[in-house]
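Under the heading domain 'Response regulatory', TrEMBL lists B:2-116. Annotation comment: TrEMBL describes B:51 as 4-aspartylphosphate. Annotation source TrEMBL lists DNA-binding region at B:125-223. As annotated by TrEMBL, domain 'OmpR/PhoB-type' applies to B:125-223.
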């Protein structure tokens with residue numbers, strides 16, 4: 001119970017409610033105090049004005065005797081709790097319904113009646129000399145005291161219910177938001193313990209900010225789930241694709257051992273084992289490079305690259321290799337430079353992969369065409385062959401790492417070429433499109449200008 | 001030449017050291033970065049072969065410390081990481097060349113030899129010669145045994161690169177880097193096809209072969 005209260009106390013809505021209550025109470029108190037002060041001052045001024053007027057009335061009397069008689073007459077009529085008149089005549093006699101006495105505790109007003117009782121109320125007094133005597137008029141401040149009570153009552157009546165309502169509202173909100181936050185926390189708990197399928201299910205009365213946080217968490221969880229699944233798939237693929245060549249190396253080494261004993265050919269199994277190991281190293285190299293391209297670090301040193309020049313260079317590099325296979329590399333490039341922002345080495349590798357892919361998979365068909373087109377908003381690089389192409393339903397899959405069409409299993413390559421092309425295109429914000437060249441494969445990389 | 005190999009994997013370091021000794025070099029081997037730094041600063045070496053991942057002190061830090069102390073010995077950095085950024089990091093730290101594991105010994109040997117002779121390659125020549133072949137760098141004409149040979153610009157560059165490094169092996173990757181400015185390894189044997197085109201023009205019509213294939217390493221024009 002104590003812990004729960006402590007938890008509630010730390011919750012945001014309750015704190016906000018308390019803060020508002022405190023603010024409201026302070027404002028009410030201040031405004032009431034201010035109006036009390038103003039009202040009290042004007043009451044006091046009214047009383048002082050009355051006192052001055054009374055004094056003026058007595059001053060109008062012609063002589064000390066007349067003043068004494070007037071005081072006597074008047075004081076008989078008035079309630080000493082409201083008004084006290086006291087005239088000390090020139091002869092020392094005291095007239096009126098009270099007298100000002102002084103002792104070491106201060107001034108007192110005492111009754112002139114038989115009991116000489118002291119009046120306990122608080123009074124405002126005015127004293128003046130009149131015909132050799134001393135006239136004191138005191139008016140009670142009881143009305144002002146009553147006023148203070150009225151103000152305190154107003155304060156209690158208005159403030160207490162507000163505080164109570166705000167507090168209980170705050171508590172209710174705090175408990176509700178605690179329940180909502182609890183839903184989010186539970187989801188995060190499940191996500192951290194590895195259940196990546198966990199999602200925040202928002203209730204109908206969730207506030208907008210919590211909804212946004214929940215949506216954000218779900219988005220993060222979805223991304224995480226996808227990338228973990230991809231990673232798992234890649235690990236499986238790598239395991240599978242590397243086990244086969246490692247197995248072959250082992251076979252070649254066995255052959256070598258047998259040749260050692262029987263005096264057979266040692267060169268061939270040795271060369272084969274080395275070739276397999278080179279292949280394995282290349283797969284690793286490509287995977288590492290793919291991972292690095294996907295990380296996007298290269299964007300930091302992008303610079304303008306002349307695609308036309310790069311196309312010419314790569315075509316020139318591969319031209320003899322193509323000719324050896326009885327194929328032709330044709331270029332259709334604009335005269336001037338075609339600039340895109342990018343990483344020249346990676347774009348060169350993208351082109352090399354596309355050209356190698358086209359040469360390798362185009363069978364006996366003769367021409368591979370590299371073209372560069374500039375439209376209003378895009379620069380389109382395309383490499384087209386006239387081989388068997390890729391069936392439409394497989395075009396998405398060939399971009400995945402280590403994926404190879406069944407019919408390509410016998411040809412060299414490790415299924416990472418197009419994945420790297422895809423990665424490099426994405427790094428450059430370019431759109432990669434595989435299309436039918438009727439016959440053959442047409443690969444388009446569209447860079448936005 | 002006197003060489004220092006700093007490499008913690010004994011299989012690799014023994015393999016490198018044995019190969020280099022067979023080629024006639026004096027080779028010292030140390031297995032961690034701290035010893036490597038001490039050895040490199042106290043001994044007089046022609047080339048350092050430095051692994052990037054080392055115990056005690058990593059290769060890049062060792063290299064930076066060495067360069068910071070004004071030591072300019074050529075350094076060949078060995079690494080398991082081959083991506084472009086790592087290459088740039090290595091070269092920025094002061095490496096003169098970079099070799100990605102796994103590598104063939106021929107590649108290592110060719111690069112070590114290239115490093116050791118790098119400062120002398122600066123001399124300005126206008127004519128390069130090998131046997132009865134002459135390359136005029138100003139008129140860009142190539143003749144062999146009095147006959148003029150017609151070369152495409154890239155073939156000319158390839159032949160010029162080999163001639164300038166007469167007697168030294170140039171590997172496929174070295175040629176790709178120097179002639180085409182390409183730092184990745186294509187799957188297709190593009191260099192072989194260019195070399196065979198060049199041979200068809202430079203060697204085939206004549207009696208002797210100038211461009212030699214060095215098995216498991218690359219190509220060389222004998223001095």
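Glycine residues also receive a Cβ, built from the backbone N, Cα and C atoms like all the rest.
According to DSSP, residue B:51 (4-aspartylphosphate) sits within a strand segment.
Sorting the domain 'Response regulatory' (B:2-116) by DSSP state (H, G, I as helix; E, B as strand; all else coil) yields 54 helix, 24 strand, 37 coil. Remark: the residue listed as '4-aspartylphosphate' has B:6, B:7, B:8, B:9, B:12, B:59, B:77, B:78, B:79 as non-local neighbours, by Cβ distance under 8 Å and separation of at least 6 in sequence.
Secondary structure of the DNA-binding region (B:125-223) per DSSP (helix as H, G, I; strand as E, B; remaining residues coil): 34 helix, 25 strand, 40 coil.
Across the residues of the domain 'Response regulatory' (B:2-116), the predicted structure has a mean pLDDT of 87.
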